[in-house]
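Q: My structure is below; once you've seen it, I'll send some questions.
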Amino acid sequence: MQILLANPRGFCAGVDRAISIVERALELYGAPIYVRHEVVHNRYVVDNLRKRGAIFIEEISEVPDDAILIFSAHGVSQAIRAEARSRNLTMLFDATCPLVTKVHMEVARASRKGKEAILIGHAGHPEVEGTMGQYNNAEGGMYLVESPADVWNLKVKDEDNLCFMTQTTLSVDDTSEVIDALNARFPNIVGPRKDDICYATTNRQEAVRDLASDADVVLVVGSKNSSNSNRLAELAQRVGKPAYLIDSAEDIKEEWITGISLVGVTAGASAPDILVQQVIERLKSLGADSVQELHGREENIVFEVPKELRVEVKEIS
């Protein structure tokens, strides 16, 4: 049995930055550090940060005075940001992915201009809640759609004053169908100058499509609440291959790979490489005898942490 590794896979620049912000805050200021929502959607990452002194909360009211607070990579609404700033906090750091912030700016711009805005995204996802929360113009409107059917059922105030944007971690194929419906339903709608679906989401979906075309079964390392990881498993299934979303090597069931020649392995943008390595070791214990990494797009994007966290511990001692 051979293991095929998708390329690229695992951490993206936004996730790497968000985790680094929490780690640096813990190193520089010590525990506890409060984080609104899981900093990224990965159980292994969150559990490790929790052990080091990060406290994950959902409500700003849970944060005591004089504490240090970090917003997660998914972003927050203007209301949450204002609430945090009104508190007597020692420091406030924003780990929102810069590519999510780009979408926030698009929504805020639409709100200022009085344009109605339509967001393509999954209801209940924290990124969607934060993005929707950038709009505050009562004379306009902010709407959420998930499917072409939602588009055809949508009622807006002015069909000639519309724009749209998307969640950054969606299925490229599904989103294309929704955009086609938007353009058909609202011919004058304006989209973003550049795709809102981020480079990492697009690259990993392209890579898993290539992987699934060769593999007999695909294992996607990622947590159940990770949007981009779920999309990878769904895409592999659409190619016609069995695909399983796993948090760790322990989740692998032997019957998944019984009689299989090629096992494909990839990881969502919030899954660390150590989990992939553990999956490889588990597969080797079940009979895998070689590992091959596929060719893919090279990624060299880096997002800096806030300047306050780019200092040595001794500088603030």
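Glycine residues also receive a Cβ, built from the backbone N, Cα and C atoms like all the rest.
According to Swiss-Prot, the protein has these features:
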- Cys12, Cys97, Cys198: [4Fe-4S] cluster binding site (BINDING)
- His41, His74, His125, Ser226, Ser227, Asn228, Ser270: dimethylallyl diphosphate binding site (BINDING)
- His41, His74, His125, Thr168, Ser226, Ser227, Asn228, Ser270: (2E)-4-hydroxy-3-methylbut-2-enyl diphosphate binding site (BINDING)
- His41, His74, His125, Ser226, Ser227, Asn228, Ser270: isopentenyl diphosphate binding site (BINDING)
- Glu127: active site, proton donor (ACT_SITE)
Q: In Å, how large is the greatest distance between any two Cα atoms among His41, His74, His125, Ser226, Ser227, Asn228, Ser270, the listed binders of isopentenyl diphosphate?
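A: The two farthest binding residues have Cα atoms 15 Å apart.
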Q: Residues near the dimethylallyl diphosphate site, His41, His74, His125, Ser226, Ser227, Asn228, Ser270 excluded, by Cβ within 8 Å of the Cβ center?
A: Val40, Glu127, Thr169, Asn225, Ser229, Gly268, Ala269
Q: To see if you understand the setup: which same-chain residues, six or more apart in sequence, place their Cβ under 8 Å from that of Ser270 (dimethylallyl diphosphate binding site)?
A: Phe11, Val15, Val40, His41, Asn42, Val45, Gly222, Ser223, Ser226, Asn228, Ser229
Q: Applying a 10 Å Cβ distance cut-off over all chains shown, what neighbour count does Cys198 ([4Fe-4S] cluster binding site) have?
A: 26
Q: Just going by other Cβ atoms within 10 Å, which of the binding-site residues Thr168, Ser227 has the emptiest spot?
A: Ser227
Q: Among the binding-site residues His41, His74, His125, which residue has the fewest other Cβ atoms within 10 Å of its own Cβ?
A: His125
Q: To the nearest Å, how far is the Cα of Ser227 (dimethylallyl diphosphate binding site) from the Cα of Cys12 ([4Fe-4S] cluster binding site)?
A: 14
